[in-house]
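Report on one structure; see the data block that follows.
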Amino acid sequence: MNFQENLAALDLEYLWHPCSQMQEHQNFPIIPIKKAQGIYLYDFNDNAYMDLISSWWVNLFGHNNAYISQQLKNQIDNLEHVLLASFSHKPIITLSQRLCQLTGMDKCFYADNGSSCIEIALKMSYHAHFLKNQTRRKKLFLSLSNSYHGETLGALSVGDVKLYKDTYTPLLLKNLITPVPKNDSEIENSLNALKRLLDKHGEEICAFIAEPLLQCAGNMHIYSAKYLKQAVLWCKQKNIHIIFDEIATGFGRTGSMFAYEQCGIKPDFLCLSKGISGGYLPLSALLTHNEIYNQFYAPYEENKAFLHSHSYTGNALACACANATLDIFEKENVIEKNKALSEFIFSALQNALKPLIERQVVSDLRHLGMVFAFEVFLQTKERLSLAVFKKALKKGLLLRPLNNTIYLMPPYIITHEEIKKAIAGLVEAIDELKKAENK
């Protein structure tokens, strides 16, 4: 047993991995990673893997980014962490100012992961309505079908991915779900369904929560800004807060700094995480407006304070990484560069996948900014997503398909040559799985 194999065995003895059926790893070992650089991960046998999903959508500017790493080192020599109740620090003050200036919002409230950020948004929305009218509480939330907002109980309550949700249904908050349009031809029907729901329950709804334009865990479903604009307008008319979950879509992933910018809508609450620290350290931020903040601003004796906290809220090291990430956006004109890179990747995929599309092995190739996805149809002995994952790893590619959906969400620093190599390996993997169908 070599060092890599020994580590993998120790891992299985002591670790319980997220979103995993651990029994599968008895025959398919965990891969311990020794180091990473750029888009590559390296195991202890020096095998390299292209990180084509940005390590669960968090890594924007490559692993071991020289600038972010240096800013982290600078910060760790001064302050690693301090409680955020009654204390503060320069990195979080700077970050809060920058985020508010970027979004036109007024206040930031911090946590350390996306699900917690959603929980804060739900609580804050409910609490704000409660403070405005204590005798008539709004008790429901509204979300879109096929949505995903995290895996804590509140976040699961407003999601609609059954794989994560069904087991815990008896524990969840009551929530209303309205159909997201599957394509532009369904916009009118989806809006009509929403109108009926709002006519019946509008006065009971605290907030409408949505992932603007792109439902990532919902098989990378892209939907129309036209639908979202009208949905938000009707909700606002009913005094329903708007929560935009940009945990996965924020920081340039959809082609603009934030996806909601493409809709001409500003939410009451904006949830950010994942790419906020460049993939270095856990951090999330909920942004809101003074209109909300001022409802909680009162003498202590009035019991209006928003009493929510996490031990590592606003960690100084994470905030230093987040500021470094924003520096890169500012200095390197990332959004404009990504537009050209996005078109190059999509064109390369169109050309490479054309034979597979003609053979009806692949369909529905789509993209939004730096997100690329398509459906694949294969008969495999094990579930399709696992078969693709394993085959891709043999090609040196890290993918994590969602059911039949293969997607790419690479770091923004990926080069044209790396793209060509990755797509060639991806096509080879699909071809080999197709050829193995009848064996």
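Glycine is treated like the rest: Cβ placed from N, Cα and C.
Database features, via Swiss-Prot:
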type    : residues                              : note
BINDING : TRP56, TYR148, LYS274, SER309, ARG400 : substrate binding site
BINDING : GLY114, SER115, ASP245                : pyridoxal 5'-phosphate binding site
MOD_RES : LYS274                                : N6-(pyridoxal phosphate)lysine
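SER309 (substrate binding site) falls within neither a helix nor a strand when secondary structure is assigned with DSSP, and so counts as coil. Cβ contacts within 10 Å of ASP245 (pyridoxal 5'-phosphate binding site), excluding its own Cβ and spanning all protein chains shown: 32. Fewest Cβ neighbours within 10 Å among the binding-site residues LYS274, ARG400: this applies to ARG400. Looking only at Cα atoms, LYS274 (substrate binding site) sits nearest to GLY114 among the binding-site residues GLY114, SER115, ASP245. The Cβ neighbour count for TRP56 (substrate binding site), using a 10 Å radius and every protein chain shown, is 14. Taken residue by residue with DSSP, ASP245 (pyridoxal 5'-phosphate binding site) is part of a strand.
Ranking the binding-site residues TRP56, TYR148, SER309, ARG400 by the distance of their Cα atoms from the Cα of ASP245 (pyridoxal 5'-phosphate binding site) places TYR148 first.
Separation of the C-alpha atoms of ARG400 (substrate binding site) and SER115 (pyridoxal 5'-phosphate binding site): 20 Å, rounded to the nearest whole number.
Long-range Cβ contacts of SER309 (substrate binding site) within its own chain (separation 6+, distance under 8 Å): LEU84, ALA85. Other residues of the chain with a Cβ within 8 Å of the Cβ centroid of GLY114, SER115, ASP245, the pyridoxal 5'-phosphate site, are ASN113, SER116, CYS117, ILE118, HIS149, GLY150, ALA155, ILE247, CYS271, SER273, SER284. Cα-Cα distance from GLY114 (pyridoxal 5'-phosphate binding site) to TYR148 (substrate binding site): 11 Å (rounded to the nearest whole number). Just so you know, the Cβ of GLY114 (pyridoxal 5'-phosphate binding site) picks up 27 other Cβ atoms within 10 Å once every protein chain is counted. The Cβ of TYR148 (substrate binding site) has 26 other Cβ atoms within 10 Å, all protein chains considered.
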